[in-house]
Amino acid sequence: MSILETFDPAVANAIRLETERQEYNLELIASENFVSEAVMEAQGSVLTNKYAEGYPGKRYYGGCHNVDIVENLAIERAKELFGAEHANVQPHSGSQANMAVYFTVLKPGDTVLGMNLAHGGHLTHGSPVNFSGKFFNIVPYGVTRENQTIDYDEVERLTLEHKPKMIVVGASAYPRIIDFAAFRKVADKVGAVVMVDMAHIAGLVAAGLHPSPVPHAEFVTTTTHKTLRGPRGGMILCREEFAKALNSNIFPGIQGGPLMHAIAAKAVAFKEALAPEFKTYQEQIVKNAKALAAGLVKQGFKLTSGGTDNHLMLVDLSETQLTGKVAEEALDKAGITVNKNGIPFDTRSPFITSGIRIGTPAATTHGLKEANMEEVAVLIADALANVENETKLAEVKGRVNAMMKRFPLYAHRLA
């Protein structure tokens, strides 16, 4: 037995059950992924014990020479990975990364243009329940009704009308390529700063499979998990002219001591992302997404914007008898994990929704390929055709478990 199993069997058992879920269920939540053993080892290291307020070479605590090495490695690797002038790897999350940029550029009450959460944006892009919507004057932009892609004409019209101090670009449920150059061109007409939140697509950007926002934005924020496949956390890239102000808005602005064990794990993940095989892996994520999208369409499902260019897709259930909530719960019983998600112009509440969001990063990490995605589409269809049939859902779960056992990832942790 492990030390944890001996001392706290309740926590140890919950961890084991979650390991089994990640190993044998099909994880299709677009924002989730599975880290490598190297990342996990760094995350669970003795660096968790070290306070290191400040930055490398300028700490408020002694004994930081070793963690300075780690943070400098993370910074330099991040800059190399994305071609950025400056990187701050201390944000605990993507939301805190975004908050730091807001506070670097804006004063309370300033006007910000951000993507409507209901159209695929993020809470931190101006939702009224979030700090961004409470502290700043938010003007939302969205997608067109015709093809559910970003309405760049609306972006320009709203920008010229409201003259925002900052334009926030990026999304949490948008399946198409984003034209960062178009946002830059519009922003320059009113002297606005551009912040791109590339949390969902950072891995694709690193691999050259999605245009990079770095040349077009003063600030680029991201999480370090999702497609990037690192530990849970955040990061900010910016132009050198903003480095000092940005750093001070992270510490002491909104955070105290950085999580050095998480920063070590980020450094490891960035090294993994710099390796040639990472591009192959990201290519497979996109191939799998396109194959799954095609498979779902073949099964009769409707996708917003008609498909996907990246790692995710949004299934539109508005013309069926299902809600996103019912679909999520049924799929969970079938061993398939997705999340209910609003679709553009949704008439249902965010707690019910008319869609589900599906992504391929975690399944790709397990080793699934395009042919498996066709099988996944059939499994999803079978489950959603039998949402009230517990026997059928259990049968689908058996098929899911059998498939996933062919693609072990953490099986050694269950031995």
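From the backbone N, Cα and C atoms, a Cβ is placed for every residue, glycine too.
Per Swiss-Prot, (6S)-5,6,7,8-tetrahydrofolate binding site is recorded for LEU117, GLY121, HIS122, LEU123, GLU241, SER349, PRO350, PHE351. Around the Cβ of LEU117 ((6S)-5,6,7,8-tetrahydrofolate binding site), a 10 Å sphere holds 24 further Cβ atoms from the protein chains shown.
Marked as site 'Plays an important role in substrate specificity' by Swiss-Prot on the basis of sequence analysis: HIS225. Around HIS225 (site 'Plays an important role in substrate specificity'), a 10 Å sphere centred on its CB holds 27 further CB atoms from the protein chains shown.
Long-range neighbours of LYS226 (N6-(pyridoxal phosphate)lysine) (same chain, six or more residues apart, CB within less than 8 Å of its CB): ALA30, SER31, GLU32, ASN33, ALA199, HIS200, ALA202, GLY203, PRO361. According to Swiss-Prot, the N6-(pyridoxal phosphate)lysine annotation covers LYS226, on the basis of sequence analysis.
Between the C-alpha atoms of PHE351 ((6S)-5,6,7,8-tetrahydrofolate binding site) and HIS225 (site 'Plays an important role in substrate specificity'), the distance comes to 25 Å. Less than 8 angstroms from the CB of PRO350 ((6S)-5,6,7,8-tetrahydrofolate binding site) sit GLY342, each of them six or more residues away in the same chain.
When the binding-site residues LEU117, LEU123, GLU241, SER349 are compared by Cα distance to HIS225 (site 'Plays an important role in substrate specificity'), the shortest distance belongs to LEU123.
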